[in-house]
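*Asks:* Annotation comment: Swiss-Prot describes GLU119 as active site, proton acceptor. Feature annotation from Swiss-Prot assigns domain 'Radical SAM core' to 125-370. Per Swiss-Prot, disulfide bond is recorded for CYS132-CYS375, and the stated evidence type is sequence analysis. Annotated [4Fe-4S] cluster binding site per Swiss-Prot: CYS139, CYS143, CYS146, in sequence order, evidence recorded as sequence analysis. The feature S-adenosyl-L-methionine binding site is assigned by Swiss-Prot to GLY192, GLU193, SER224, SER246, LEU247, HIS248, ASN332, with sequence analysis given as support. Marked as active site, S-methylcysteine intermediate by Swiss-Prot: CYS375.
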Amino acid sequence: MNGFAVIPSVTTTTTSGEPIASDVARKQNLLELDREGLERFFEDVLGEKRYRAHQVMKWIHHRYVADFEQMTDVGKALRTRLQACAEVRVPRVVFDKHSADGTHKWLLAMGTDRKNAIETVYIPDKGRGTLCVSSQIGCGLNCTFCSTATQGFNRNLTTAEIIGQVWVAARHLGNVPHQRRRLTNVVMMGMGEPLMNFDNVVRAMSVMRDDLGYGLSNKRVTLSTSGLVPMIDRLSTESDVSLAVSLHAPNDKLREQLVPLNKKYPIVELMASCERYLSVNRKRDSVTFEYTLMKGVNDKQEHAHELAKLMRQFDCAMQVKGAAKVNLIPFNPFPGTCYERSTEVDIRAFQKILLDAQILAMVRRTRGDDIDAACGQLKGQVVDRTRRQAEFRRTIEDRVGRDVAA
């Protein structure tokens, strides 16, 4: 998995439809490679010592230089060879938006055809700056309360497209790893299910945590999953980042409505996989369980008591108080949704039940909702391959039709 990637052949066409060979398509995008992959590329393809790869990696991820000619401590002969067989191709910024609260959102074009685009969000806070990164164009899991799900699914992002989001944001922010940090945390909580794009996500997270990359500690990189049990087990053996689970319901009946994946991996199996994750990764002492609160759906007191019991069971299984942390997320509405945000009174009452049960529970402050950058609102631009967009539009039209008739 860590070897240098072989870029698939890509061709363009003339106006008459005849294929034209693309020199760019044959070049290795160095953003695809982690440290080991870059070392192998320099040794096997360029015939260079591995330490030369370290020089170039720092130019790319510390100084945000994409032009080999600007890498002044790299010899001219090597720069010439790099120009011939490699490139640093970063995502193109379609537009960026600033929120009144300081949140920043980028729409980034993906792929050579530029038809698809994903969203990346930077959330500044006191003493920290968190980047929310996407892993797929769209999402195939169809969670009913998530805006991304209404867009359908196109494809997985490449490693370069994932780490390219970090590159674009870090460059914009003037981030200097190990010195002037504006980017202190990365959360794989953007568009898509990260564990359905396992290899590319793990490789990108390796660059995020590498001292030659962005130098983030393992605990400052968080992967959020809807609950692919076998892949959580695999992740435990290949990475030790922080784990978050999109739970959103305390029982299987309700969770199957909100997160259809629960039909395949019910809560008991999901919780067991989280226990195994912490058992393997001794440096991690907790799992964060995300719970989006929706009015009249999952925000009742009985739901809070059920959730508290589930979290206590997890703490007992791990024999660690606070092994389960709950992140309560007020629902962020989007066009066409049938859900509403819980009232502030109900949110605080829900949290109090958890706190009274000695469960660590915090309410996530809504950020960036004025630019549709809040949790659950990311949408991007997806050429749907699942026909879900059409189904969602029909649902909205049917609902509008009923309202008009009434």
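Glycine is treated like the rest: Cβ placed from N, Cα and C.
Are these features on the surface or tucked inside, and what touches them?
*Replies:* GLU119 (active site, proton acceptor) falls within a strand segment according to DSSP.
Taking all protein chains in view, 20 other C-beta atoms sit within 10 angstroms of the C-beta of CYS143 ([4Fe-4S] cluster binding site).
DSSP assigns SER224 (S-adenosyl-L-methionine binding site) to a strand. A sphere of 10 angstroms centred on the C-beta of SER224 (S-adenosyl-L-methionine binding site) encloses 22 other C-beta atoms.
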*Asks:* Which one is it, among the binding-site residues CYS146, SER224, HIS248, that lies nearest to GLU119 (active site, proton acceptor) by Cα separation?
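*Replies:* Out of the listed candidates, the nearest Cα belongs to CYS146.
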*Asks:* SER224 (S-adenosyl-L-methionine binding site) to CYS132 (disulfide bond): how many Å between their Cα atoms?
*Replies:* 11
*Asks:* Quick one: average pLDDT across the domain 'Radical SAM core' (125-370), no decimals.
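*Replies:* Looking only at the domain 'Radical SAM core' (125-370), pLDDT averages out to 94.
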*Asks:* Just how many other Cβ atoms lie inside 10 Å of the Cβ on SER246 (S-adenosyl-L-methionine binding site)?
*Replies:* 24
*Asks:* Hey, what's the Cβ neighbour count for GLU119 (active site, proton acceptor) at 10 Å?
*Replies:* 25
*Asks:* To see if you understand the setup: which same-chain residues, six or more apart in sequence, place their Cβ under 8 Å from that of LEU247 (S-adenosyl-L-methionine binding site)?
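*Replies:* Correct list: GLY227, ARG255, ILE267, LEU270, PHE289, GLU290, TYR291, LEU307.
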